[in-house]
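As recorded in Swiss-Prot:
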- Asp9, His11, His43: divalent metal cation binding site (BINDING)
- 9-11, 35-36, 57-59, 62-66, 101-107, 133-136, Phe140, Arg143: 4-CDP-2-C-methyl-D-erythritol 2-phosphate binding site (BINDING)
- His35: site 'Transition state stabilizer' (SITE)
- Thr134: site 'Transition state stabilizer' (SITE)
Amino acid sequence: MFRIGQGFDVHQLVEGRPLIIGGVRIPYEKGLLGHSDADVLLHAVADACLGAIGAGDIGKHFPDTDECYKDADSALLLKQVWELVKQQGYELANLDCTIIAQKPKMAPHIEQMKENIANLLEGELSQVNVKATTTEKLGFTGREEGIAAQAVVLLQKK
């Protein structure tokens, strides 16, 4: 049996925060604002996984009103989500992600993001795809006000 899930996340770019996407710290003059480390890609992946097993979203599991998640490492949050997926008897079939950002360029960091995510989801590198695009200077991402990410996951019964 297969289950599919879709995730989407967006965070505002601000000064004074590190930029962490896909578990990679990217050198840039701005970072993403959020209660946790605001890793927009890992949040989208977590939401996709939760959606695939019908378990809500990351806001339900890791509320921003709970101080224990303040500045939390999103990789640890995704690891907890993956434990829920495994408890339901599923494993990764494949994952496809898109980062939407005008700047900075993501290409130099994509392979490390893929490796990080494959490790977190206990999968092979060939099961994970990460790509990036711009909005051609349109909208909030085009104006460099924020970064968005989308993820689609396919899970299969073990």
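Backbone N, Cα and C define each Cβ position, glycine as well.
Annotated features taken from Swiss-Prot, shown on the structure.
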{"residue": "Asp9", "record": "divalent metal cation binding site", "contacts (Cβ under 8 Å, 6+ apart)": "Val40, Leu41, His43, Ala44, Asp47, Ala148, Ala149"}
{"residue": "His11", "record": "divalent metal cation binding site", "contacts (Cβ under 8 Å, 6+ apart)": "Leu32, Leu33, Gly34, Ala38, Val40, Gly146, Ile147"}
{"residue": "His35", "record": "site 'Transition state stabilizer'", "contacts (Cβ under 8 Å, 6+ apart)": "Asp64, Tyr69, Lys70, Asp71, Ala72"}
{"residue": "Phe62", "record": "4-CDP-2-C-methyl-D-erythritol 2-phosphate binding site", "contacts (Cβ under 8 Å, 6+ apart)": "Ser36, Tyr69, Ala72, Leu77"}
{"residue": "Asp66", "record": "4-CDP-2-C-methyl-D-erythritol 2-phosphate binding site", "contacts (Cβ under 8 Å, 6+ apart)": "none"}
{"residue": "Pro104", "record": "4-CDP-2-C-methyl-D-erythritol 2-phosphate binding site", "contacts (Cβ under 8 Å, 6+ apart)": "Leu19, Ile26, Pro27, Tyr28"}
{"residue": "Thr133", "record": "4-CDP-2-C-methyl-D-erythritol 2-phosphate binding site", "contacts (Cβ under 8 Å, 6+ apart)": "Thr98, Ile99, Ile100"}
{"residue": "Thr134", "record": "site 'Transition state stabilizer'", "contacts (Cβ under 8 Å, 6+ apart)": "Ile100, Ala101, Gln102, Thr141, Gly142"}
{"residue": "Phe140", "record": "4-CDP-2-C-methyl-D-erythritol 2-phosphate binding site", "contacts (Cβ under 8 Å, 6+ apart)": "Val10, Gly146"}
Listed in sequence order, residues not in Asp9, His11, His43 with Cβ within 8 Å of the centre of the divalent metal cation site Cβ atoms: Val10, Leu32, Gly34, Ala38, Asp39, Val40, Leu41, Leu42, Ala44, Ala148, Ala149
Which three-state DSSP class does Thr133 (4-CDP-2-C-methyl-D-erythritol 2-phosphate binding site) fall into? strand
